[in-house]
Amino acid sequence: MKPAVALLGLVLLLDATFAAEESCVGRCGIFNPLTKCQCDSMCVYYGSCCGDFDNICPKKVARGDTFEEPDGVTETVTTTMIESTPKDLPPTFNTVAETTTAYPQPPTTQGPQTTQGPTPPVDPDPAVCSGEPFDAFLQLKNGSIYAFRGEYFFELDDTSVLPGYPKLIEDVWGISGPIDAAFTRINCQGKSYIFKGNKYWRFDGDVLDDDYPRDISVGFDGIPDDVDAAFAIPAPSHLGKEKTYFFKGDKYYQYEFKHQPSHEECVQMSRSSPSVLFSRYTDLFCDQTLEDLFIELFGSSFSSPHTGPRYTSRDWQGIRAPVDAAMVGRVDVSDMFEESTTQDDKSTPVQNVYFFKRDKYYRVDLQTKRVDSASPPYPRSIAKYWLGCKSEETPDASRAEKR
């Protein structure tokens, strides 16, 4: 009888152990490669969550675009607004000669006449508020944002340019400026890419990976040389594909990455060098599945197969090609029924992307591919809302592009 009781106790113990391995009780936020299911924030992305994950683990909400608040977005622009967009955007900053008051001058003694050569032109690229166009905007996996112009680049904080900038691109990145485009992959690795001519460089943060640069034709099949702009969006799950949009002239191209790190590899990478950009997606849990969430964010086009080039102005309504630069923004989650307290409240995620053209920029809803309608309207001044420059109007700190 005693052996039977001992065996029964062992069976119950093993059953409780296996049950514990299949539950998130006491395991929220933890990845264990030895258990059957997981309870960390990336388990939704990898489809490895325990059955009680949604009930046991508290949900996190990632809030805020690069704005602290959605900044008065009401609806997407209409065809009338698109057609009224000026073909040639007037520059925000004009070079005005400084005026001085003329005073009577005392007589001077005539001396030897010296001939002065022409004054060398001043390079406007290192001047933050010159109004010159930017070549690229890049957000690293740690959230740092850089703006590239000519041979120089600037680092941006929430409202303006950080002290100590500009710096030479070649001194920090090892590439002679100007560059053509840049983007960061939104996965747990968070590699950053810089493009120039027919070459591209890959970085881990700001550290160049070995065996780079490489030819664009080798690393990005079907993507042309000398691109104008690029940005990346994440995969809907580990079974899906990350996508990058490239813009050149009046067309844009889509490229899908073929490889994704495993769940265990992702956890190890995140411990040593986490990607803030990727965490914003894996921490965003709504009532729908992650794939449904991505359809809301990016539209059904995120899962479309790789196709040839398409016309930018035809698909991205309100954007006139060519563009100078592009950068994907944060996900904004706004409550559709802010005053309601019922369990039927629904959060609507919005993914924005920024297009930069000359001294102006546009904010586009990636799901609809339309320029947002806001007050003041787009296009807006890069210098005023991204660089903290003073223009003809008084800067409005509340509407600065929050990073």
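Positions of Cβ are set from backbone N, Cα and C atoms, glycine also.
Features as listed in TrEMBL:
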- 1-19: signal peptide (SIGNAL)
- 20-61: domain 'SMB' (DOMAIN)
- 99-126: region 'Disordered' (REGION)
- 131-175: repeat 'Hemopexin' (REPEAT)
- 176-223: repeat 'Hemopexin' (REPEAT)
- 224-284: repeat 'Hemopexin' (REPEAT)
- 320-389: repeat 'Hemopexin' (REPEAT)
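Predicted-model confidence for the repeat 'Hemopexin' (176-223) is 95, expressed as mean pLDDT. Below 8 angstroms of C-beta separation, residues 91-93, 123-125, 181-184, 189-192, 194, 196, 201, 203, 205-206, 208, 229, 273-278, 324-328, 354, 356-359, 382-383, 386-388, 397, 400, 402-403 of the same chain, each at least six residues beyond the ends of the repeat 'Hemopexin' (131-175), sit close to that stretch. Look at the repeat 'Hemopexin' (176-223): DSSP puts its residues at 4 helix, 19 strand, 25 coil.
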